[in-house]
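> What follows is a single structure, and I will ask about it in a moment.
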Amino acid sequence: MEQVYVSYPSLDENKRHGAQQAGTQSETTQDKLIISNERPWKPWRSARSRIRGWAIRVQNAMLCLAGLEWYCYAALGVLMALMSFVMDLTVAKLLRAHHWLYSCLEGHKLLQFLCWTLYPACLCALSTSFSHSICPQSAGSGLPEMRAILSGVQLPDYLSLSNLFAKLVGLICTLSAGSSVFLGKVGPFVHLSNMVGAYLHRMYASACGTKQRRTQGDMLVVASAVGVASCFGAPISGVLFSIEVMGSHYSVRDYCPCFFAAVCGALSYRLLAVCSGEQETVNALFKTRFPTEIPYQPPEILFFALLGLLCGAVSCVYLFSHRWILRFVRANKLISRFIATEKTLYSGFVAFLLALVTFPYSAGSSMASQLTMRQLICSLLESTQWNSISHNATLLEESQQSLWQEWSPPGSSVYKTLGCFLIIKLWLLVLACTLPLPAGYFMPVFIYGAALGRFLGEGLAYLFPNGISPDTLSVINPGGYALVGAAAFAGAVTHTLSPALCALEMTGQSTHVVPILIATLISNAVSRSKHQPSFYDGISLIKKLPHLPSLIRACPKLSSVQIGRFVAPAGAVLQRGEKMAGVQNVLNNSTESQFPVVDTHESPTLLGTVTRDQLQAFLLEIQTEVHCIMSVVREQRVFVTENGKLCGLITWKEVRSSAGKHTNTHTHTHKHTS
């Protein structure tokens, strides 16, 4: 029988074996590191080098043609036009889906009621929930906050990418709720444009480094113009909007960049409509066909001026109601607590109420509630007289496919429908302004002004069926009054003249330039009386945003307040001949990022300012020089003189102590900043 012997290695042998394996592994690791540090083989080196060379040549040629900031402006215009077009396309598909579902339920009024009310309620609830869960700052228009940012106030997260994503999705849901909620996209889209502009500026700054020639404020002013131009294809009114609404002081050097970017955005937006087959050529957004030979008679100028007075008076009622309901919602503890804790439920409930009022089998049948926002403005701008069509069988057969029939349902007149629209929609719009979701308010007031002008135009057409002047064969055009009313009411609400130019660019109708300007100026004069704040100024005041022009316009007495009442102590101050110890003491005992520099403490004449980073860099440079001197002379003690006079000595102990203090101060500053 064979015996098998098994030998067990001792503990020392195991250690020696482990050490040998570790040594082998370390050598293998070093070999791998050496191999990994070798330059890997790549295919087609010559082709890649030629492509890289051509890319560098193209880059140099582009930079010779224009600076990098101009390509950023063009990219901003194209990106915002693409975003606007995709948003409109998505909203149109969702609105068609709602209309299709509602028409499929024909004959089932209960199901139609649920479809009509729950669809916008769910979309508004989704918009609120999504936007607030991603970024709470995405609610509202965003224009008052952007005006504060452009005036120099820093508001966190208002230009972040998370806010961009939340506002984009939330705005699509809001617009898809339809005309029942009666909200627009201009304000939030300008905010979106500013967020994209801020991101492009960060890319531009990282590419240029210290050689950048444009600040973030310049890019935001340009982005404001692009936002309006990409919404309506109106570049000129976009630039005027950025001057009137967004900035209190406009820099002339932003003029050309604003026009360049706005034209890029407007042209791209209209070209996308042509490429999609929506239009055959580049055209106005709401193209009108008013008569050009005699667009209006001279006596009608008086009625256009009267329309301006009417729009100004109604705008005062609307602005007062808007400010009152916002203050009431904030002051009422029950409602404010409910909105703070249940924003989604509040948005769904208010949207349900709005849809309940506009249900076609209730009051909605008397206010053309089945028309979308785009169909509303297109129908109101029609040049035909609705009242004459409804009483003419021949014209009635020819216009069966026109949208005007929604304004003249069976058993109701055009005047009743327009009157109900004006009375009910005013209060519904005031209520919709309390919704905590991304929404704009320019297009609703534009449509409301068009309805106001249409109402006056239809009334004049009824009173003067053959025209005001019997000598000329020219009938009254109610669509012209709708166009003038839209510009006048929107201008009165915003206290601007840019809506007048926007109305001309959106419709391509240049024959009514004079009536539009007259009515807009008169409506502005009425709405500005007694220093009433505009729509955006009112929001800034209620939200207590630090926007000084809004405060001065609301209370002109503030301009006479002496600034000495608000002057606070300057804090840490440095003098011209400050010693290193004094500088170090200021850095250790204060957390300010900027310090004033005066001539002397006894004669505090301001010479300028210096930042904390500059002072820390100065101290580090001095310590480095001292360290180099002591290293070169190789002495433990170095005497310091000034013009031959002994000032003191420096030892290695003081150098190490000073370096340690500076390092601790620098580390503490970074921790405090982060």
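Glycine residues also receive a Cβ, built from the backbone N, Cα and C atoms like all the rest.
Just so you know, TrEMBL annotations are computer predictions that nobody has curated.
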> Out of 220-243, 412-435, let me know the one TrEMBL marks transmembrane segment.
220-243
> Can you tell me which parts of the same chain pack against the transmembrane segment (301-325), counting only residues 6+ beyond its ends and a CB-CB cutoff under 8 A?
426-427, 429-431, 433-434, 445, 449, 452-453, 456, 460, 481, 484-485, 488-489, 492-493, 514-515, 518-527, 529, 532-535, 538, 541-542
> Using a Cβ-Cβ cut-off of under 8 Å, list the residues of the same chain that are 6+ residues beyond the ends of the transmembrane segment (70-92) and lie near it.
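Non-local partners: 62, 168, 171-172, 175-176, 185, 189, 192-193, 196-197, 200-201, 203-204, 219, 222-223, 226-227, 229-231, 257, 260-269, 272-273, 276.
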